[in-house]
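Comments concern the structure below.
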Ligand SMILES: Nc1ncnc2c1ncn2[C@@H]1O[C@H](COP(=O)(O)OP(=O)(O)OP(=O)(O)O)[C@@H](O)[C@H]1O
Ligand SMILES: [Mg+2]
């Protein structure tokens, strides 16, 4: 589904992705962690073409992101992206936020899109908030709308960039629950997060990044108990004990 | 004496009314055409194409940086020399629409730039085309931010329209000139003319201030 081969990226002279090779298969849930500035966001933003890269090969759902003729729009229909800061459209209601892309990008009728959108908002527990504007919703509710918005395009892959980092602690769980159920339904997911509980529960693999490189890849059990790299263990001791 | 003069000025109401009509017609036309030009310029100015953005910037700065009277003269007296013959009315509308477009363009560009980058990213990530991102996501938010300034700009436009009386259009200002030939009381005549402008502009000023107070800024 997602295949990085020796991918490099620079921001000017800063080497933000250093020789990334990584394969994510259909239905897999991969959690990415690492210190601030290690390149986690950059890594997953490459997957839907929000960031270009300079060297190597990246193929996502058959689309070759390195080629100049890649049809990004078609790729993006298949890849949902959930941002740390939600980025809901402030001038649209929750339901409109969810249905606007299916209508204008997938070409669904308004009625079809609304059937889909309502079902998804129900599913994320916001059946009674469909007509609210984003500013009338709590952070946790906004992020659940954002997840529903991505799902409404019926993507094959879902990417999450620290989806709970901007939330008050009491709202983190309501968002994680939605993500857990999505993972259990077999969605292919890449999730940048420091929520190690989530990683333990549903991740097939956990990746640790440092200075643009993937330093450690392991199943959650091994990752948390027997990480090979010193830097990973150091990081874990800080994350797990705060 | 005063009452007599007032009576005579009022007797010229058809001229005043005609002038007022011309001023309103010029302003409304220029407002419509200028808005179309302004949105086009604003979108290009805030767009990703550097060269185009700079070119638009230069164009806009030229018209913002030269006297409007001069621009009217260029359109009316100089264009005919290169074969573009315009009636005074058309010349007035062209010059006014153009300058309005320049000012509106700057306002619209600022509005577009005020929309957080995350909005465009979210829209791009959903698979919208660039045009859809602009039309469905960015512009609606930008317009909310800039509406008070736009309305304020419309007031300036109405007032600027008085300059076109210089090429012989019988607008509100020129109707004042005509009346003052017969009723030699400039204060009275132009007081009434000023009142005419004020009557059209005040509702807009009021609207602009009210919107600013109510905070038309986007709800984030
Ligand atoms: N647009 C940009 N221009 C220049 N440098 C950038 C840009 N975006 C990110 N960087 C730099 O690239 C590096 C990796 O950034 P990235 O956002 O991928 O890190 P991250 O692991 O997601 O960090 P965080 O946990 O803080 O989100 C950082 O050093 C950052 O300063
Ligand atoms: Mg990040």
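Cβ coordinates come from backbone N, Cα and C, glycine included.
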#### Entry: Which listed span TrEMBL calls transmembrane segment, if the choices are B:166-186, B:187-207
B:187-207
### Task
Run the contact check on the transmembrane segment (B:136-158) against the transmembrane segment (B:20-44): 3 or more C-beta pairs under 8 Å, excluding pairs closer than 6 in sequence.
yes
### Message
If we skip the immediate neighbours and take only residues 6+ beyond the ends of the transmembrane segment (B:56-79), which ones have a Cβ under 8 Å from one of its Cβ atoms?
### Response
41, 44-45, 85-86, 88, 91-92, 94-95, 98-99, 102-103, 105-106, 160, 163-164, 166-167
